[in-house]
Amino acid sequence: MAMEGYRGFLGLLVSALLVGFLSVIFVLIWVLHFREGLGWNGSGLEFNWHPVLAVTGFVFIQGIAIIVYRLPWTWKCSKLLMKSIHAGLNAVAAILAIISVVAVFEYHNVQKVPHMYSLHSWVGLTALILYIQQLVVGFFVFLLPWAPPSLRAIVMPIHVYSGLLLFGTVIATVLMGVTEKLFFVLKHPSYHSFPPEGVFTNTLGLLILVFGALIFWIVTRPQWKRPREPGSVPLQLNGGNAECRMEGAIAISSAHSMDAADPADAESSSEGAARKRTLGLADSGQRSTM
C-alpha cells in the first residue's frame, strides 16, 4: 500500500535522523572536548556518562522506537516482528537510561553530593520508573499472545498517550539537566558571558528540541499510520467486546461473500430465514400464552 505524502514523510524522517544523530555527536563532543572525557572512577568523568547515555538512549533511540511503525517499507513485515523491534529499541533505551542514573548516583556518593534535591532529578527518575513500567505492561499486554483483545483495546490508547507524554517529559528533563550542569561548571568565564562551551551546549539543547518536534509531527499524522493487516479487526469497546465484534465481522463478511457469489441462493436463503423467524415468533407467542 502506497503512503500518502510519501515525499514529505521521507524528508521529515531524514531530518529527524540527521538531527538526532547530530545530538549524539554534540553530546560526545561536549564531554570529550569541554568536560575532559569519560571514565568510571567516581569522578566527573563518570558523571559525563549521564548526559551521553541519556541523549543516546532516552532521547534518540526512544524517538526511533516511537516512529518505527510508521516506516512504510516495514509495512509488509509481520506485526509481531514490528512489535518485537519496537519493544527491543525501548528496552535498549531503558538500559542506557538506567546506566546513566547509576553513574550519577555513584558520582554523588564518591563526591559526597546530596541525592535527589533538584527538579531535574525528581522528574527524571519519575520518568525512568514510568518508562520501565510502560515497557513491562506493553510486553505482557501487546507482545505476548495471552492478553484478551478487550484488555488490549483498553490499554492501547493509554499506552500511546503515556508513551508520547514520557517522551516529551524526557526531552524537558534533559534540557533542564543540561542547563543545570552549565550553571554548576561554568564559573570563569560564567555562563551569562556566552563562553564557547555554553553556546555549544545550548546548540545541543536546540537540536534535542527539534528532534523531539520532528518525532511528534511524524507520529501524529494519521495518513502515515501503519495500515491494518488484511482480515484484522480494530480493537474497540463500544457496543460489546472485541471478540464478539470480530465474530460479527466474520459473519457479515461471509454473508456478503454469499451474496456476491450467487444472488439466487442469497434470495432463497433470505426467504428461508424469514420463514424461520415467522415460525419462531409464532412458537414464542404460543409459549408465552401457555
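The first residue you see is number 1, and the count goes up from there.
Each Cβ is built from the backbone N, Cα and C atoms, and glycine gets one as well.
Annotated heme b 2-binding residues in Swiss-Prot are Lys79, His86, His159, Lys225, and among Arg35, Arg70 the one listed with them is Arg70. Per Swiss-Prot, heme b 1 is bound by His50, His115, Met116, Tyr117, Ser118, His120; the candidate from Glu4, Glu180, Glu197 named for the same site is Glu180. Placement of Ser78 and Ser150 with respect to the membrane, taken from Swiss-Prot, is on a common side. Listed in chain order, the extra residues whose Cβ falls within 8 Å of the Cβ center of the L-ascorbate site residues Lys79, Lys83, Arg152 are Leu80, Phe142, Leu143. Between the transmembrane segment (8-32) and the transmembrane segment (198-222), the number of CB pairs under 8 angstroms, six or more residues apart, is three or more, so the stretches are in contact. For His50 (heme b 1 binding site), the nearest neighbour among the listed binding-site residues (Arg70, Lys83, His86, His159), judged by C-alpha distance, is His86. Separating the Cα atoms of His159 (heme b 2 binding site) and Ser118 (heme b 1 binding site) is a whole-number distance of 28 Å.
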